[in-house]
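As recorded in Swiss-Prot, the features of this protein are as follows:
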ACT_SITE  117  active site, nucleophile
ACT_SITE  169  active site
ACT_SITE  182  active site, proton donor/acceptor
DISULFID  31-106  disulfide bond
DISULFID  165-172  disulfide bond
SIGNAL    1-20  signal peptide
SITE      118  site 'Transition state stabilizer'
């Protein structure tokens, strides 16, 4: 028989066990109208970075409604050696895998592939790793400060591709200098969100 102290402890711990219960299975079944797979730039922290990822997500939520968009960041080193290789190879594969798994679990979502700086390299690389029948399902591709500026995103038509490069951005010119022009793409996120919305037909 439980003592009153044991009963009290059980009563106190029960709410904690409910809070700690995994909710992933419920969340996994909830597919957004728009899903963005985003790769951050070199040396940025987290998976969304700071220069473009967060303001782009905010702009998308404003344009589409907070319940209609999900942004998933690519987990990769985002280091200088990866940039010099033309985009981290493992990160590029990770992004391609995320595209495949997202379309498998949420076939009706409007899938967007996006990246900033080295993240743009990952967008190009991931698209090349995917079969044509998969890239045909990508709603749009959006790249900010693209080191591969001028190159198409394989399998994504030009009218569904938005590559944003500022005048004076050395990275967009094929260089490796980080100048002010490369650090101000947050200002372009509202227009980019409008592009995503139009491409998705929403």
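The backbone N, Cα and C atoms fix where each Cβ goes, and this holds for glycine too.
Sequence features, as recorded in Swiss-Prot, placed on the structure.
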residue	record	DSSP (3 states)
31	disulfide bond	coil
106	disulfide bond	coil
117	active site, nucleophile	coil
165	disulfide bond	coil
172	disulfide bond	coil
182	active site, proton donor/acceptor	helix
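Of all the disulfide-bonded residues listed (31, 106, 172), 172 sits in the most crowded Cβ setting, with the most other Cβ atoms within 10 Å.
The shortest Cα-Cα distance between the residue listed as 'active site, proton donor/acceptor' and any of the recorded positions 31, 106, 169, 172 is the one to 169. Neighbours of residue 118 (site 'Transition state stabilizer'), defined as other CB atoms within 10 A of its CB across all chains, total 29. Distances between the Cα of the residue listed as 'active site' and those of the recorded positions 106, 117, 118 are shortest for 117. Cα of residue 165 (disulfide bond) to Cα of residue 31 (disulfide bond): a distance of 31 Å.
Checking each of the disulfide-bonded residues 31, 106, 172 against residue 118 (site 'Transition state stabilizer') by C-alpha distance, the shortest gap belongs to 172.
Distance noted between the C-alpha atoms of residue 31 (disulfide bond) and residue 117 (active site, nucleophile) is 28 Å.
Listed in sequence order, the residues of the same chain lying 6 or more apart from the residue listed as 'active site, nucleophile' and placing their CB within less than 8 Å of its CB are 40, 41, 42, 83, 144, 145, 147, 171, 182. Across the fold, the C-alpha of residue 172 (disulfide bond) and the C-alpha of residue 106 (disulfide bond) stand 33 Å from each other.
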